[in-house]
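Visitor: One structure follows; several queries about it will come next.
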Amino acid sequence: MKIYNLGSINWDHCYRLTHFVRPGETLTSSAYQRNLGGKGANQSAAAARAGATVRHIGAIGLGDSSILSLMKEIGIDTGGINELAVDATGHAIIQINQDGENAIILHPGTNRALSADWIDRQLATAVSGDWLLMQNETNLIRETAALARKRGLKVAFNPAPMDKDLTLALLEKLDLLIVNEVELQDLTGTDELETALVQIRQQAPELAVLVTLGAKGACYQDPQQREQVSACPVQAVDTTAAGDTFIGFFLASRVQGAAISDSLKLAGAAAALCVSRPGAIPAIPTRQEAEQFLLGQAG
């Protein structure tokens with residue numbers, strides 16, 4: 001099976017600071033890096049490094065073809081990425097404080113300029129049982145979910161940034177909803193995990209839900225089973241791509257036929273390694289690294 005990821009592609013401009021900039025304040029950063037990023041690209045990179053076959057569907061601005069080379073080096077199929085003249089490539093300004101936490105300003109750019117015809121052409125190569133993965137940093141989310149359903153793909157949606165109305169409207173069209181604690185609370189209006197899961201199950205009884213819980217691990221629930229894993233203890237350096245790494249590894253592991261519990265454990269190990277390193281895509285480990293780390297935790 002293959003993963004088709006309709007996802008954002010950004011240049012991440014990362015600044016290390018003592019604290020997040022306050023209103024009216026000018027801060028000098030101690031370090032700067034420009035990296036390939038965006039939730040979509042991050043998740044494609046994670047899935048590819050986990051060993052899955054990944055075709056990324058997205059767009060970049062003219063003159064940024066170096067992005068294609070970077071993604072190909074990771075092992076991502078870039079045939080679904082269109083070069084457009086309508087805007088600049090999406091980019092993010094990322095502040096990273098001394099605790100490894102981040103605050104992000106995002107300009108979507110070409111991520112919001114995709115056409116339905118372009119997306120349909122990319123999905124034309126898919127077969128029943130393949131997965132469509134989406135975040136909420138591109139346009140045409142509803143339309144792409146409908147196209148994927150018609151072609152027999154399974155659909156996973158990570159509604160980040162959260163759009164409550166869009167997400168609620170899509171629930172019955174999804175196979176897997178992936179959210180963090182904040183997104184789950186925004187979606188359901190409660191910070192109680194069990195209450196929130198009950199609400200979602202009432203609206204979409206067949207939906208599988210994966211909730212990433214940061215330092216508390218992750219929880220998965222579908223109509224047949226419930227699984228929960230603890231987070232691997234590490235010293236956090238940079239949390240920028242932790243959730244994206246978890247998502248990419250989890251879905252890749254599922255596509256490769258692993259059980260839910262094993263997929264959660266592998267994804268947790270990969271996310272732990274990711275937060276212990278600086279950067280977004282540069283911090284995402286390989287499958288071998290994640291498996292070795294997991295073995296070390298078991299020992």
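Every residue, even glycine, has its Cβ placed from backbone N, Cα and C.
As annotated by TrEMBL, active site, proton acceptor applies to Asp244. The substrate binding site annotation in TrEMBL covers Asn10, Trp11, Asp12, Gly38, Lys39, Gly40, Ala41, Asn42, Glu137, Asp244. Taken from TrEMBL, the feature ATP binding site covers Asn180, Thr212, Leu213, Gly214, Ala215, Lys216, Gly217, Gly243, Asp244. Look at TrEMBL and you will find Asp238, Thr240, Cys274, Arg277, Gly279 tagged as K(+) binding site. Annotation source TrEMBL lists domain 'Carbohydrate kinase PfkB' at 7-286.
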Visitor: Determine, from DSSP, whether Asn180 (ATP binding site) sits in helix, strand or coil.
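Guide: Asn180 (ATP binding site) sits in a strand per DSSP.
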Visitor: Comparing the binding-site residues Asn10, Asn180, Thr240, which residue's C-beta has the most other C-beta atoms within 10 angstroms in this structure?
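Guide: When each Cβ's neighbours within 10 Å are tallied, Asn10 leads.
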Visitor: If you draw a 10 Å sphere on the Cβ of Gly217 (ATP binding site), how many other Cβ atoms land inside?
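Guide: Taking all protein chains shown, Gly217 (ATP binding site) has 18 Cβ neighbours within 10 Å.
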Visitor: Check the DSSP secondary structure of Ala41 (substrate binding site), expressed as helix, strand or coil.
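Guide: The three-state answer is helix.
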Visitor: What's the CA to CA span in angstrom from Thr240 (K(+) binding site) over to Glu137 (substrate binding site)?
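Guide: Answer for this pair: 16 Å between alpha carbons.
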Visitor: Of all the recorded positions given, Asp238, Asp244, which has the fewest Cβ neighbours within 10 Å once its own Cβ is left out?
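Guide: So among Asp238, Asp244, the recorded positions given, the one with the fewest Cβ atoms within 10 Å is Asp238.
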Visitor: I need the most crowded of these binding-site residues: Ala41, Leu213, Ala215, Cys274. Count other C-beta atoms within 10 angstroms of each C-beta and give me the top one.
Guide: Ala41
Visitor: Consider the recorded positions Asp12, Lys39, Asp238, Asp244, Cys274 and say which one has the Cα lying nearest the Cα of Leu213 (ATP binding site).
Guide: Asp244
